[in-house]
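Enquirer: Annotation comment: Swiss-Prot describes 14-85 as domain 'KRAB 1'. Positions annotated as domain 'SCAN box' by Swiss-Prot: 161-243. The domain 'KRAB 2' annotation in Swiss-Prot covers 278-351 and is backed by sequence analysis. The annotation region 'Disordered' is assigned in Swiss-Prot to 324-370, 382-458. Residues annotated as compositional bias 'Basic and acidic residues' in Swiss-Prot: 343-355. Per Swiss-Prot, zinc finger is recorded for 478-500, 506-528, 534-556, 562-584, 590-612.
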Amino acid sequence: MASGLPTDWFREPVTFEDVALGFTPDEWGKLDLEQKSLYREVMLENYRNLVSVEHQLSKPDVVSQLEEEEELWSVERGIPQDTFSECPEAQLEPQLDPFPAGNPLMNIEVVEVLTLNQEVAVPRNAQIRALYAEDEGLSPEVLREPPQHLDKPTADPEMARQRFRGFHFEEVAGPREALAQLRELCCQWLRPEAHSKDQMLELLVLEQFLGALPEKLRLWVESQHPVDCRQAVALVEDVTWISEEETLPTQGAPGTLPPAAQQDTATWPVKALPEDPVTFLDVAVDFSTEEWGLLDPTQRTEYHDVMLETFGHLVSVGWETTLDSKQLTPQPGPPEEGPACPLKEEEGSSADDARPSTSGEALEAGAPGVWDTALKPVTLASENTLPPQPPGDSPQPQASTGPDRGRVSLQKAVPRKRLRKRDPWLKRGTRGACVKLPPKRGGAGKAVESGGDGGRRPCARNAPQITFTRIHKGSQVCRCSECGKTFRNPRYFSVHKKIHTGEKPYVCRDCGKAFVQSSSLRQHQRVHTGERPFVCHECGRTFNDRSAISQHLRTHTGAKPYPCPDCGKAFRQSSHLIRHQRTHTGERPYSCSKCGKAFTQSSHLIGHQKTHSRVKCKKK
């Protein structure tokens, strides 16, 4: 075979450096996204080809970075070790190129990019040459021109940030000037010569956090000039509640309030805990008679749930009510004036069911009169007496006479848009005491309904304690007999059982592939429809899977949540960590069925199996 190449070239084994292509930092920074993607594919293919022909070599760092989809600015080949020592840290940061894809930025000699598979190499190298030959006016000397600095450098980082965010392409003559000015503004804002990478990342996260806050709250927090995310979070947590009529201060020195706000200091954060014990009225929400009349049944139901949840929180932290056994007994008498809060008839509540014989039975049945009486000490004060209701309506909550007259009882209610005080001494995330309890289990394992309200009961004095006990101690746990895994949600358990049985009830109509879950089928159908609903706002790439865009976003944020416990090296994906750990354990799970050779990665096995198919073709 006459190839025209000297035979001396093939005496020494080929190395990865022989088929790699190097870039200087300036050259790499001027490549657009399409060129960088093409470079990544070529380099990874060269490495796989070397592995497929049984070329034993340790994986270069550049290949690991390319597999992680990291931004590279150089390859070790042809670049001295001291090339980057003179470059400041800011220049090493990867920059997104604003030039449109397909516009060549460099004339690069691509003859050094060699592949061992000529069927792939010939058309690909021709594609690269055609891409870079479109614009003959560009030269390496022109592209290596230093960026132009701004005529008037901005000393204030905040001003530089505003100019950076509000930059328009029409302000400059061309794309090169736009990129240079954006880079200069970003350096003046983030100050890489004085800040580390973590500090610059903190500034970016702080800006995004402030932008996500409501406008009034954001203006007040910005007026306090927080220097990091921790201070910003502390300021937001201090503002426990702000009514819609109130306005936050936007001017003034940090830590000072305008005169109008200083007159009403009760609405602003007070870090010291109150000396007196908290009561239910301290965390309750009041309604006037007119406001109560404007609430629809859904809002009143929500109000009922929220107030009982707050009551449960107080009981869970040791707050004691003044209820006794007499107050838990329903008191006969005519109904008092109060807001109309009828119970739903379809839930099974009736006038006959509302009068059990004993207090215990009354609490279990959830009679409205009993619960209203039991909740007298923890009701909301109303300024005016409540309007009377016409006779013949559904059972209504009773309001007490005497000192408690004019109070709104805690029967179903509340606006969708509510403002609640958050007490810092209450544990966050605690579920409310008034929840939909699971049905009781009879002797034969059948569900027993407790009352006609579908299992949802209001909470009296002892109800929060009982409910919390059931949540933490009486929750039913489903255990898999095959693998021993436990589940608290029966739906998750039923999905898990299909893994062992092999059941796949959800079938794709286009290709016939079956899935265990309907969500997996919907995700698969996007392959046929071409739908890619998840868009990266940083680079514009689209994805058809939420997990795929989550992994991609880590390339922008630099997050690596999967560290190796042996050497400490971190990875963006769990699969990369599992693959890396095989270098420590020596595990080679992928074996060749022809020769028995084992590999650590499936891609290496696939490349190796091609060598057997090529040998068969040559024998034929």
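Positions of Cβ are set from backbone N, Cα and C atoms, glycine also.
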Enquirer: May I have the DSSP-based helix, strand and coil counts for the residues of the domain 'SCAN box' (161-243)?
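Expert: Looking at the domain 'SCAN box' (161-243) with DSSP, the answer is 59 helix, 0 strand, 24 coil.
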Enquirer: Averaged over the zinc finger (478-500), what pLDDT does the prediction give?
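Expert: Mean model confidence (pLDDT) across the zinc finger (478-500) is 84.
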Enquirer: In the zinc finger (534-556), how many residues does DSSP call helix, how many strand, and how many coil?
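Expert: So the counts come to 11 helix, 4 strand, 8 coil.
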